[in-house]
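Listed features, source Swiss-Prot:
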type	residues	note
DISULFID	Cys163-Cys203	disulfide bond
DOMAIN	96-252	domain 'THD'
CARBOHYD	Asn137	N-linked glycosylation site
CARBOHYD	Asn230	N-linked glycosylation site
SITE	Ser188	site 'Important for binding TNFRSF6B'
SITE	Glu191	site 'Important for binding TNFRSF6B'
TOPO_DOM	1-39	topological domain 'Cytoplasmic'
TOPO_DOM	61-252	topological domain 'Extracellular'
TRANSMEM	40-60	transmembrane segment
Amino acid sequence: MAEELGLGFGEGVPVEVLPEGCRHRPEARAGLAARSKACLALTCCLLSFPILAGLSTLLMAGQLRVPGKDCMLRAITEERSEPSPQQVYSPPRGKPRAHLTIKKQTPAPHLKNQLSALHWEHDLGMAFTKNGMKYINKSLVIPESGDYFIYSQITFRGTTSVCGDISRGRRPNKPDSITVVITKVADSYPEPARLLTGSKSVCEISNNWFQSLYLGAMFSLEEGDRLMVNVSDISLVDYTKEDKTFFGAFLL
């Protein structure tokens, strides 16, 4: 029987041979069919296991990739939302500047053709010094080289008696004009340099009078230069209000 089922192939396929007496029984054929179905089912299970395992692996890999993608997208979004260093706003560097207001002056003998330096308030009321600018010994000290705008307004006040004495030729230590000079003192120059000068006749007004002189211009200054304001007569300077007499400078 086995040789007959070889059907010419190189080797015969093993086939279960029923005993001679049971070859034609229906029960035997049914058992053989059931056994064949069981083998087929087992084979299908064995073949499907790798497929199911592969699908499970792919599914798990897909589930693991999702959080990674979310993290990547979140990182990219956060990176885009954060401004780059070039886009971060940085406030401009503070430039040196100062505004000084007049304070009551100490009386001093007035000498002809001699200009006296004024004292200033530097940290009260409207007065201030910022970003390196300093006020030392009647002078503004320049902290860094550059182009500065320098300004000053000096208000003088007088009476008719003074003007009357001057007009009649009597000069009781009183000038016939008022003069303001902004002076620069530098270590590189042996003498103070006059930057701005303003003058006004005192007796052009017949009554009690107030007269203001304003000076302002741009100058190139060096670090360490000192600026001061000199006047022809300190006793005529109006120190009653800080908006009448002031002095300042700032870097452009």
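The chain as shown is numbered from 1 upward.
Including glycine, each Cβ sits where the backbone N, Cα and C put it.
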Practice item. Report, as a single number, how many Cβ atoms besides its own are within 10 Å of the Cβ of Glu191 (site 'Important for binding TNFRSF6B'). Key: 8
Exercise for review: Around the Cβ of Asn137 (N-linked glycosylation site), how many other Cβ atoms lie within 10 Å? Please give the count over every shown protein chain.
Suggested key: 9
Study note, to complete from the structure: Quick tally, other C-beta within 10 angstroms, Ser188, Asn230; top of the recorded positions is Asn230
Exercise for review: Report, in whole Å, the straight Cα-to-Cα distance of Asn137 (N-linked glycosylation site) from Ser188 (site 'Important for binding TNFRSF6B').
Suggested key: 19
Review point. If you average pLDDT over the domain 'THD' (96-252), what do you get?
Key: 87
Point to revise | Rounded inter-Cα distance in Å - Asn137 (N-linked glycosylation site), Asn230 (N-linked glycosylation site) | key: 13
Exercise for review: Measuring Cα to Cα, tell me the gap between Asn230 (N-linked glycosylation site) and Glu191 (site 'Important for binding TNFRSF6B') in whole angstrom.
Suggested key: 15
